[in-house]
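One structure below.
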């Protein structure tokens, strides 16, 4: 039995033949920008070039074209501002940008340092070899260090450009790629500071706003870029906003705030990822995934897989963000102190902490500014710091060069000063009667050192009219001493001598409870030292405990201080020294 031949109508035959034609009818309308394109497809379709990052699809209706869109950060557009209402896709754009750069550049050429005060999405990029660190609002010290590192890179580049006569960042990039050039040793390429959530940044870190402005204004010339996202453009002051040469705008809460064009009102609501470019064209930002899926579903898993994929292709790593240690021992801060054979100036350069700005030691110049004040709440580290600084002074000076007198009512400074470095009589005072007697005797001896009126400048500088050791009066818990004085001003005999302290070899180191510190700066003794510009450490405390228009006291981890000195204001981690071992008496034997 034979099969019957298929019967087809003329219409069916003609339609089949037309469907195989090579030329097709002109499509009047391109498909709407609905679904995001994955990053692997964007990169495959993009025109690759250095410092260009593929970010999405741009619709150009006049050219009847939908093509890959990206940013070129090699020139004036290297700083980027991203504006848009909440949940419009700003953080996803930042993820896409970093992943796009990481997929097309080496960790030697681009590095990212992120401050995430938005939705927390940047933390998923932390394991990229191109990311030197991600800090959030729960890590204020790290936030400060991220900005400080960027400033340090810019300052170092500025010095390098001058030293090696580099005329532009473009020339620097070429020289850095040449292994025979000195600048090839620079571990940083083009570095990007990303701040996701600008209002939160200026609200919680107001002191850093000016530093970010400096980076935005000067950084591009040295390969340092700033990328900022904000829900409202008005949150960005003009002195920052004007330096953001590239702007990307999502749907705004108020279209009148647009920095590009009012066509942003045409962005559909509830369509995350839709934006407008500087060219005034509509965009669909891509998704940071490499699995070919045109969706933002399960994005965390896709990002994690992409990060792992990129990390497996590189052995280099962006320089990590260095942070202040929770504790720095004195022997780490001051491993090789100069000895007694050094000159006076060297011996009285005393290390008092590690700077947050560049992680180098901060010093108290006690040869010219002989005093040090330490204010802080209970358990903030006041006594430990005083102990460590006393040890640093003793390491530099022999007993013939310095002697200590202690006011130590709580016996917190046991073993802080070796017996050889203590004054002979009245060296350790644990009550008011003992202290008053010792201070009066000390004042009598120091008055003999006051300079005669006919000394020359050279004689004043060399202190040739007297000989002997400097005296350090180390006072722990000033507030307790004041309370025990019964209304009498403690240290009154020494107060008139403080203006001449540098001339007569007198140094005072005072610790005080933060709640009493402001009051202490008003008295004739501590107040005289504070008023003369003595370096002052503000450890942990409450803002209202020390009102000031120049800085804000706040809670800090033990040993961390805000240092106010003639050199400026900065955060330091003060030195730590192990407390003396407690010796317990053996229990009496039975019988």
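In case you wondered, yes, glycine gets a Cβ from its N, Cα and C as well.
Per-residue pLDDT, averaged along the domain 'FtsK 1' (65-259), amounts to 96 for this model. The domain 'FtsK 1' feature in Swiss-Prot is assigned to 65-259.
Within the same chain, the residues at least 6 positions away from residue 84 (ATP binding site) whose Cβ sits under 8 Å from its Cβ are 90, 229, 231, 249, 250, 251, 252, 275, listed in sequence order. Look at Swiss-Prot and you will find 84-91, 376-383 tagged as ATP binding site, backed by sequence analysis.
Residues or ranges marked as domain 'FtsK 2' by Swiss-Prot: 359-545.
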In the structure shown, which of the binding-site residues 90, 382 has the fewest Cβ neighbours within 10 Å? 90
